[in-house]
Amino acid sequence: MEDLFRRYGHTLTFAFMALVAFWLLALVILPNLTLFEASFRPYLPVTEIGGPKDTYSLDNYAKFLRNPSPWNVFGIELQAPLNVKTFLSTIFYSTIATFITFALSYPLAYYLAKVVQPKSLPTMILLLFIPLWVSEALRAFAWYIILTFNGPLNAVLVGIGLLEKPIRWQQGVLTGYDAVVIGLVYSYVLFMMFPIYGSIQSLDRNQIEASEDLGAKWWQTHWRVILPHAKPGIASGSVMVFMLSAGSLLVPSVLGSTNSNWFTQTIQQWMLESQDWNTGAAYSFLYILLCTVVVALAMWLFKVKLSDIAK
Amino acid sequence: MSAGIDLENVCCDFGSFRAVDNANVSIKPGEFFSFLGPSGCGKTTILRMISGFTEPTQGAIRIGGKDVRGLRPNQRPTALIFQNLALFPLMPIWENISFGLEVRGVDKATRRKKAEELLELVELPGAADKMVSQLSGGQKQRVAIARALAVEPAVMLLDEPLSALDLKLRQHMRAELRSIQKRTGVTFIYITHDQGEALAMSDRVGVMSQGRIQQIADPRDIYNNPVNGFVAGFVGENNVFTGSVRNPATGMAGYETKLGTFRARLGELASGENVKLYVRPEHTLLSETAAAENSVPVTISEVSFEGAFIAVHGVAENGQTLVAEIRNDGSATVPANGSQMFMQFDPARAAILPDAAVAKG
């Protein structure tokens, strides 16, 4: 604080602090508090707001468990509220996307951190960054075009004879979420790659050599020496990719099939289509809470401490 | 269990730089062999070629008579102790030690037992469940040795493992390493730039410079009979006299230098050849009167007390500084600065070498 005063003088320092305080209070905390308050009030016509019906209750939150509907989970017939089904699907496919980004990122991160010549490293990292310069929306639409029925992927696969006739990729080959998962992986892979790269880079090369010298095969060295060292990076990358995936609205909107429904889309429907901000807000806060619980559970399962992620 | 190692015409190039040039050495099974040299002399490259992290550009390396070309480090019967030890910080001590057994598929109970046995051997019992960060430098050293011994290597390779320790501990670990080597009978190859370590521990020493092995001999020969100026200059201190051979006779010759004509042993030298005489400070005697031969008048310029001995520096007529060491046993009087004295040496105690006779790569 005194450093700031000394460096920038009183006027500038106060201006900085006032701007930051304004941003935090007026643009982050207040809107959230307003939404939080609204989430406990019913959705009413304008004339009735502040009237006798406008009381606090948990009704909006309770809506989450309404509308039981049949649900086929891998061949098993279940009855579950529609929202629960949407929520669990979102969590499940976000987890799948997280695992795929990890599987893609780890070898690449290891290659960049320990194998590649330091001379060509900047070029490699630049090549990885270039797709990030294009907006997320354009990247999602690019995949939409690639996967479309008359698109280049089908044309190539039919052309080289791998497919007899084109496939409706976006409708899904395995599930209705295939295209969404592809889009999420493509959008967020670098958020996994760079934390892992950072943590592997900090590993002393002698550790890898010592392991090999003691007789370990390459996979044993990865399993016992490199992966444990990279764990904090993997954990923070995973939390980031999972939360971004679960919170993505754009990718599932562009690449979703008729069978897919992302929880963010449910919230959007309440907020924009039904104009019911109260229920939308309730769902949003419930969603944040549930996602935090899922992340906490995963961290407990993989024995990750909060301090590991902060590294 | 222990194996010999043969290097035959081994060269190693990094681009246009030749790190090791035509190394030939035959290390016997169970021998404690040191490579001694300044940094950048190629000694670490030799170690990495034996362990398999670097492949020689030319030549053959045999371990126990078997050519190991193309074998990865995990396929060679060697264990390397790294300069920074490279212990695994996320594993407890016993898992560190038994790591080599774990990757070979040995069951947990056997591994634990073996780890505890090895901790006894390196005199660190009870440390099995500690973490690496809880140990002191000397204890980490012992764990690194135990971890390398666990895989029962035929050859142990040590890359300056004592350089991070303080002086007292370093001296203690020297003796410890030597005794572990004797007890296990494993061939030790030791890399160091510290001549004291190399001379005190080794059966034989290979002195290296600029990628070449300059001399291979037992420690006494390295010190007393260096084969060239590099070895003489790198191992120990010297008073150096430059001159040329005069009147060679049976075994002895005169040497004409700027500080007068000395008499000393004659090597395989011809009359008139340019030579350097190397005289160790501990072989240089200090007296108040001139001796019959090999005596140089000096003015004492500095007296430094080193504990076990006292180093007396004197400036000769031509400005050259000579050093004599006298034992701190009270037998000799310590001269005062500025006093006029004579420094002399025994004709049998000088090493005579042709000038500029360093093997270059």
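Placement of Cβ uses the backbone N, Cα and C atoms for every residue, glycine included.
The annotation transmembrane segment is assigned in TrEMBL to A:12-33 (among others).
If you look up TrEMBL, you'll see A:87-298 marked as domain 'ABC transmembrane type-1'.
Positions annotated as transmembrane segment by TrEMBL: A:91-113 (among others).
When Cβ-Cβ distances below 8 Å are used as the criterion, the transmembrane segment (A:125-146) is approached by residues 112, 152-153, 170, 179, 182-183, 186-187, 190, 193, 250-251, 254-255 of the same chain, each at least six residues removed from its ends. The feature transmembrane segment is assigned by TrEMBL to A:125-146 (among others).
Long-range neighbours of the transmembrane segment (A:179-197) within the same chain, counting only residues 6 or more positions beyond its ends whose Cβ lies under 8 Å from a Cβ of the stretch, are 93-94, 96-98, 100-102, 104-106, 108-109, 112-113, 128-129, 132, 136, 139-140, 143-144, 147, 169-170, 172, 230, 232-234, 236-238, 240-241, 244-245, 248, 251-252, 254-257, 260, 262. The feature transmembrane segment is assigned by TrEMBL to A:179-197 (among others).
As annotated by TrEMBL, transmembrane segment applies to A:234-255 (among others). Within its own chain, the transmembrane segment (A:234-255) is flanked in space by residues 90-91, 93-95, 97-98, 101-102, 105-106, 136-137, 140-141, 143-144, 147, 170, 179-180, 182-184, 187-189, 191-196, 199, 227, 261-265, 268, 287, 291, 294-295, 298-299, 302, 304, 308-309, 311, which lie at least six positions past its ends and keep a Cβ under 8 Å from the stretch.
Positions annotated as transmembrane segment by TrEMBL: A:281-302 (among others).
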